[in-house]
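The block underneath contains the structure these notes are about, expressed in structure tokens.
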Amino acid sequence: MEESVGSRGGSGGGGLDAQIEQLMECRPLSETEVKTLCEKAKEILMEESNVQPVKSPVTICGDIHGQFHDLVELFRIGGKCPDTNYLFMGDYVDRGYYSVETVTLLVALKVRYPQRITILRGNHESRQITQVYGFYDECLRKYGSANVWKIFTDLFDYFPLTALVESEIFCLHGGLSPSIDNLDSVRSLDRVQEVPHEGPMCDLLWSDPDDRCGWGISPRGAGYTFGQDISEQFNHSNNLKLVARAHQLVMEGYNWAHEQKVVTIFSAPNYCYRCGNMASILEVDDCRNHTFIQFEPAPRRGEPDVTRRTPDYFL
């Protein structure tokens, strides 16, 4: 008989640890195990806010997109969870070849160490998008049915939309919204739904910073572009130092915008296995100093192992 997480000790127990170990070897869980795991995750995520408070020190990460081996590399460089406190800003699935293993591992870590990892929703944590960009097909291929896809996409509805590190770094997948000028407006949204095609929840997951001032029409067909004037006003009104977001490929792994009011963090190196970009993660320490750690794809055997650390003392 196949044992579930629950029958092997629950979220504190060895059963989950064994599953995490299995996932770290890129071996998927059974459908039954995924179902039990996601039921536990839902209970935890239901209690979290649309603006989930996070304490420093914390390591902030951008898109992963099913690049499982690069996620393992990220943990090697940034430190294991729970030794390191992590905040992931969405887009765990699609495009890469290991969306199933990637999202299952992150959800398992969330259930095992709920206070040490925060997982936000990205625009790809959606039923519609995953049917086009790979996660749906991957679930079908690996499990023989769409059940696991349905279990995960139902869970995605509960992922928090944003996080707030030490009341001064606002973290979210996409960007700002013309419908939202303060954090209480975010807190009051009903997030338990498929990502809408328009409106504030859509914007938070789809918008991008832009060189042009004001609000602009997004070339993505969802969300908006927003200028430095918008970022400055938003940060000022909400007593924020910084908006940290993901959602856009940046060649160095991170990119400042709007005179260091906004930073983009992208954590999938050599994106889609062909873009040649670096990835990065942002470490915020106890004193709220910021260090970007850049990394390259997980080394294949015989290749050099290179990491570049870039301290950043802008505060």
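All positions are counted from 1 along the displayed chain.
Backbone N, Cα and C define each Cβ position, glycine as well.
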Can you tell which of ASP83, ASP91 Swiss-Prot lists as binding Mn(2+) 1 with ASP63, HIS65? ASP91
Cα-Cα, whole number of Å: HIS247 (Mn(2+) 2 binding site) versus ASP63 (Mn(2+) 1 binding site)? 7
Relative to the mean position of the Cβ atoms of ASP91, ASN123, HIS173, HIS247, the recorded Mn(2+) 2 site, which additional same-chain residues have Cβ within 8 Å? ASP63, MET89, GLY90, GLY122, HIS124, GLY174, LEU205, TRP206, ALA246
Only counting partners 6 or more residues apart, tell me which same-chain residues put their Cβ under 8 Å from the Cβ of HIS124 (active site, proton donor). HIS65, GLY90, ASP91, TYR92, VAL93, ASP94, THR130, TYR133, PHE135
Within 10 angstroms of the C-beta of HIS65 (Mn(2+) 1 binding site), what count of other C-beta atoms is obtained when all protein chains are considered? 28
Shell of the Mn(2+) 1 site beyond ASP63, HIS65, ASP91, same chain only (C-beta within 8 angstroms of their C-beta centre): GLY62, ILE64, GLY66, GLY90, TYR92, VAL93, ASP94, ARG95, GLY122, HIS124, ALA246, PHE266, SER267, ALA268
In terms of DSSP three-state secondary structure, what is the assignment for HIS247 (Mn(2+) 2 binding site)? coil
What Cα-Cα separation, expressed in whole Å, is found between HIS173 (Mn(2+) 2 binding site) and ASP63 (Mn(2+) 1 binding site)? 8
